[in-house]
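Written below as structure tokens is the structure these notes are about.
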Amino acid sequence: MLNNAMSVVILAAGKGTRMYSDLPKVLHTLAGKAMVQHVIDAANELGAAHVHLVYGHGGDLLKQALKDDNLNWVLQAEQLGTGHAMQQAAPFFADDEDILMLYGDVPLISVETLQRLRDAKPQGGIGLLTVKLDDPTGYGRITRENGKVTGIVEHKDATDEQRQIQEINTGILIANGADMKRWLAKLTNNNAQGEYYITDIIALAYQEGREIVAVHPQRLSEVEGVNNRLQLSRLERVYQSEQAEKLLLAGVMLRDPARFDLRGTLTHGRDVEIDTNVIIEGNVTLGHRVKIGSGCVIKNSVIGDDCEISPYTVVEDANLAAACTIGPFARLRPGAELLEGAHVGNFVEMKKARLGKGSKAGHLTYLGDAEIGDNVNIGAGTITCNYDGANKFKTIIGDDVFVGSDTQLVAPVTVGKGATIAAGTTVTRNVGENALAISRVPQTQKEGWRRPVKKK
């Protein structure tokens, strides 16, 4: 169906008192992303010409958090209802475009449902998203005559008979810009709350003989709003359950779907296995046959085919080629790169460092600002001393180097191919190819040494 041009209004002015937080409610995160960002992303995916964000409390925090989004900021200085919020945005509406109204605290609304609503909107009428609830207490009821929608009555203004209606208003609707402006201008606050309700435009449209078409969402969770942290946590679990289900159906083996969190986008190959309590953040790519152990956090990284990540390892902004093994308890920080078959063991940290093909750093090591060749052995307790308190310097280690345990490499320094660094050495000058570097203090031995004893 050919749709009119469309702009989106997102209401995000509420204080969120029941969150008990200094952060504006809509900035609280779901799956690692602000609730309002989920809604903005949906609007953009729908192809909105403009996104008008109506804000009030915490405006500076909102603008800082959403500075990269192309938004038209609309101030609602006083919170006098949803109709009042839309009135603030109305001057920006074009007469010949459709206006879709969304909410910053309803984060799981799907693009598919919104597109169906957009397609269903009758010419000159209103498309309305409604849902039926077993217990509709507190929600605005949809009134009908001969099956046709005639209006919405807020719970506090409803009669006992109207309160028996189970079909409720979700608050999400779409209408033509010129019509919307005309109806908004006619709103009054003659109700129990003394507020301007956007829902009153439904009755105004009906009085003009305009058609109102109701559409239902695919899932109830799509239209559930967040007023407190309990509701937010419940929606988080709904979202994560949906993501886990998609991954399982796509062939990813999640050992326990209830203990997996996806806070971004996961691209994966075949026969991927993910153990419990794993968190995926940002954009992550997993190759074929990747195995991730329990308790790992993977963020903005590419993991090649046949890699194995042992439990409680953190990988951030890193790249692993095929057949690498890391962990347990390893940390790859931004700029870490492992070439094919490399191994990083327990309590090893890498940052802005490359570990070559078949090279190994097995235990208790820090590799920062380093370039390490192929088939290198990094002994336990090795440290690249890359920082002098003001500037960072690079360590370069050639192919086939053996670095003994408890070695300090004071950068800038280069170790040539095939060199050997003796255990306990502090390397302060370049080491030539196939050379042995050793800087230990000569060992002394005192025979018959008696240990000190405590004085009584």
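Backbone N, Cα and C atoms are what each Cβ position is placed from, and that goes for glycine too.
Per Swiss-Prot, the acetyl-CoA site holds ALA380, ASN386, TYR387, SER405, ALA423; the candidate it also names there, chosen from ARG354, ARG440, is ARG440. Secondary structure of the region 'Linker' (230-250), assigned with DSSP and counted as helix (H, G, I), strand (E, B) and coil, comes to 20 helix, 0 strand, 1 coil. When Cβ-Cβ distances below 8 Å are used as the criterion, the region 'Linker' (230-250) is approached by residues 28, 30-31, 35, 107-108, 221, 224, 257-258, 260-262, 266, 268 of the same chain, each at least six residues removed from its ends.
Taking every pair among ALA380, ASN386, TYR387, SER405, ALA423, ARG440, the residues listed as contacting acetyl-CoA, the largest Cα to Cα separation comes to 23 Å. Under the three-state DSSP scheme, ASN377 (UDP-N-acetyl-alpha-D-glucosamine binding site) falls in the strand class. GLY104 (UDP-N-acetyl-alpha-D-glucosamine binding site) falls outside any helix or strand according to DSSP and counts as coil.
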